[in-house]
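Chemist: Quick one: the structure is below, and I'll ask about it shortly.
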Amino acid sequence: MNVLGIETSCDETGVALISDRDGLLAHRLYSQTDLHAVYGGVVPELASRDHVRRLLPLVRAVLDEAGMRGGELDAIAYTGGPGLLGALLTGAAVARSLAWGWGVPALPVHHLEGHLLAPMLEGEFEFPFLVLLVSGGHTQLIHARALGDYELLGESIDDAAGEAFDKTAKLLGLGYPGGPALARLAADGQADVLRLPRPMLDRPGLDMSFSGLKTAVLTAVRKGGHAPADVARAFEEAVSETLVEKTRRALKQSRAPALVVAGGVAANATLRAGLERMARESGVPVHFPRAEFCTDNGAMIALAGLRRLQTGRAAEAVDDAGTPVIHARARWPLAELTG
Ligand code: KG4
Ligand code: ZN
């Protein structure tokens, strides 16, 4: 079985080809970072236009590298949401059109299911597991019982962890995207010279809040006396410790036998180290994607499409008359998925 994956939910154009026998055959990513950097954040209309420009050449490059023709595919999987609607529509329209031309099905994939399956690109492991999903748009603790059976245990009630990294980086005068830049600065900072609050750690439950942290950072910066690197370090530690502690509680509550960490912020070294230590103490294995598959990519979408095909749970989007249509939803709760 061969599945082409197409990801266009935000500012990366990702295309990949996966086979059930040989794993990932080829993958390409075009990041629009430079395009949006001058605006300090993603401009949706520019993102959509750039996906249109990049997609077909990336599809051609991936097929060429794998030595495969479109007609040899078993399906095209594309990100159906959640994400920027215009950006999603470009990937969905290209996927549906190619699928028509090649006579194969086009399968909408949930972006977050892609993220949480991404560690399986490194090696097989079984459901159930607890997922800490930390991306630019979501911060969620999810009990994944089986493919498509996801229970939301807790989430950020305001900013996502990645969003907090990006906004705080902006406050510190770092470029976009802020996460990696802030992490680099924090590496030069001293620990324990500034202590920022650990939001909602003193409260029971698994919800989190990160919007207050940027205000605390702003206050610290305005007051002066702290090196930017020390502020970055204190911020990174506050976010990491909060995520680690909430995840520890979620493991205990769900009794999940393994932990999966996914999404862009899973690339953060401080957070990874904290989660690895906590997982060891909790006696559960932890699975991370490789760094390049933490952030958005086509490989995770191809994998999610393949998994659904293999288990007979792949569904084309169709209208009332049964005619294939494109599926693009800016908002699409993960819990709405069915096994
Ligand atoms: O999963 P992703 O690529 O996109 C969404 O689906 O949102 O995540 C992007 C987010 C951005 O907020 C970015 O700043 C953050 O992940 N990020 C990081 C690191 N690398 C990416 N945050 C902290 N440390 C990093 N090393
Ligand atoms: Zn993502």
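Backbone N, Cα and C define each Cβ position, glycine as well.
I grabbed these lines from TrEMBL:
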{"type": "DOMAIN", "residues": "24-302", "note": "domain 'Gcp-like'"}
{"type": "BINDING", "residues": "HIS111, HIS115, ASP296", "note": "Fe cation binding site"}
{"type": "BINDING", "residues": "LEU133, VAL134, SER135, GLY136, GLY137, ASP166, GLY179, ASN268", "note": "substrate binding site"}
Chemist: Going through the binding-site residues LEU133, VAL134, GLY137, ASP166, GLY179, ASN268 in sequence order, which have a CB under 6 Å from an atom of ligand 2?
Modeler: none
Chemist: Could you name the residues, excluding HIS111, HIS115, ASP296, of the same chain that surround the Fe cation site, i.e. Cβ within 8 Å of the Cβ centre of those residues, in sequence order?
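Modeler: Once HIS111, HIS115, ASP296 are set aside, the remaining close residues are GLU7, SER9, THR79, LEU112, GLY114, SER135, GLY263, ASN297, MET300, ILE301.
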Chemist: Restricting the comparison to the binding-site residues HIS111, HIS115, ASP296, which residue's C-alpha is spatially nearest the C-alpha of GLY136 (substrate binding site)?
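Modeler: Considering only the listed binding-site residues, the nearest one is ASP296.
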Chemist: So which one is it: of the binding-site residues GLY136, GLY179, which has the fewest other Cβ atoms within 10 Å?
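Modeler: Sparsest of the binding-site residues GLY136, GLY179 by Cβ contacts within 10 Å: GLY136.
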Chemist: Relative to the Cα of SER135 (substrate binding site), which of the binding-site residues HIS111, HIS115, ASP296 have a Cα no more than 10 Å away?
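Modeler: Final answer, ordered: HIS115, ASP296.
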Chemist: If I take the alpha carbons of HIS111 (Fe cation binding site) and ASN268 (substrate binding site), what is the distance between them in whole Å?
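Modeler: Answer for this pair: 20 Å between alpha carbons.
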Chemist: Helix, strand or coil: which one is ASN268 (substrate binding site) in, per DSSP?
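Modeler: In the DSSP reduction, ASN268 (substrate binding site) maps to coil.
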Chemist: Where the record says LEU133, VAL134, SER135, GLY136, GLY137, ASP166, GLY179, ASN268 bind substrate, what is the longest distance in Å from one Cα to another among those residues?
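Modeler: The two farthest binding residues have Cα atoms 17 Å apart.
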